[in-house]
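Novice: The structure that follows is given in the form of structure tokens.
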Amino acid sequence: MEHKLFSSYVVKGVTLKNRIVMSPMCMYSSDQKDGKIRPFHISHYESRAAGQVGLIIVEATAVTPQGRISPYDLGIWSDDHISGLTETVERIHAHGAKAAIQLAHAGRKAELDGPIIAPSAISYDKMKTPDAMTEEQISETIEAFKLGALRAKKAGFDIIEIHGAHGYLINEFLSPLTNKRTDAYGGSLENRYRLLREIISEIQTVWDGPLFVRISAAEYAEGGNELSDFITLAKWMKKQGIDLIDCSSGAVVPAPIPVYPGYQVPLAEAIRHEANIATGAVGLITSGIQAEEILQNERADLIFVARELLRNPYWPREAALELGTTISGPSQYDRAWL
């Protein structure tokens, strides 16, 4: 039987050598607070590429300084960021992996000095209260995502992911729990989708490569979006040309989350089948057998691995051995891998 985890995957002309994706995870390591790539980032991402991950997604990268989660986040709001990102892409490509970047804005969850912005002036838990965005600020943010995509293209990335999850700005617009606007960007689901729809459209004016969106497909709170809402959103995104939905969950408001191995896989499965769009499964996927089951049963198209790759950069090899197969690695490691 073919091991689907190690089969190739083609998306809009980009071929991934396997179905293993390094999920975007903030490293908070831009220690000069300028959003620039540091040596740690390069070694961090290159080591996972050497470990034979098929697609590396660089962590949430802020499209504006105000859109950072912390002062130590990566940024893509300036052309000064391009050279470091270019080197990162080159080091990822050197090992046969493809490179993606997650474009992000933290919204009300930005832990920064000065004012922060969100769809409505509602704080997250005990954090700072944001300013409700003006229409001018909304337009500026949409433009910032477009310019971020253009810089990502110049840096050589193969894929872009838009961060629409975990209670950050786009998620805040999507959710009725955080979006209390009475203008064209609030109210109905269609209106709450307007920001993301316009961001997608603007990015597509400068980027014709694969485009993913990460969503929190469960909000775990009364009055929030339901899975049926996210299926509708996924259908709209497919019509716009989105290639894959990365299905995470939670964090739009403080709420208990029932966590167990593969707990978010049913979200990816439902959206894949109901919206007829490719999905990525993420969340406590820790073994090759578990990942293979998800793919063989057509519950998702790609496997996004997060903390397991922090623990073990060579997890793909471990997964292969568990499945009774072998994969190649850096020739320098042959005496250990063969």
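The backbone N, Cα and C atoms fix where each Cβ goes, glycine too.
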Novice: Say Swiss-Prot lists Ser23, Pro24, Met25, Cys26, Ala60, Gln102, Ala306, Arg307 as binding FMN: which of Arg197, Arg214 is in the same site, per that record?
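Specialist: As annotated by Swiss-Prot, Ser23, Pro24, Met25, Cys26, Ala60, Gln102, Ala306, Arg307 share the FMN site with Arg214, chosen from Arg197, Arg214.
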Novice: Given Ser23 (FMN binding site) and Gly164 (substrate binding site), what distance in Å do their CA atoms have, once rounded to a whole number?
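Specialist: Computed Cα spacing between Ser23 (FMN binding site) and Gly164 (substrate binding site) is 14 Å.
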Novice: Consider each pair of residues in Tyr28, His163, Gly164, Ala165, His166, all listed by the record as binding substrate, and report the largest Cα separation in Å as a whole number.
Specialist: 19
Novice: If I restrict to non-local contacts, at least six residues apart, and a C-beta distance under 8 angstroms, what lies near Ala165 (substrate binding site) in its own chain?
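Specialist: Within the chain, Ala165 (substrate binding site) has Cβ neighbours under 8 Å at Asn171, Arg214, Ile215, Ser216, Asp246, Ser248, Ser249, Ala251.
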Novice: At its widest, how many Å does the recorded FMN site span between Cα atoms of Ser23, Pro24, Met25, Cys26, Ala60, Gln102, Arg214, Ala306, Arg307?
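Specialist: Greatest Cα separation within the listed binding residues comes to 17 Å.
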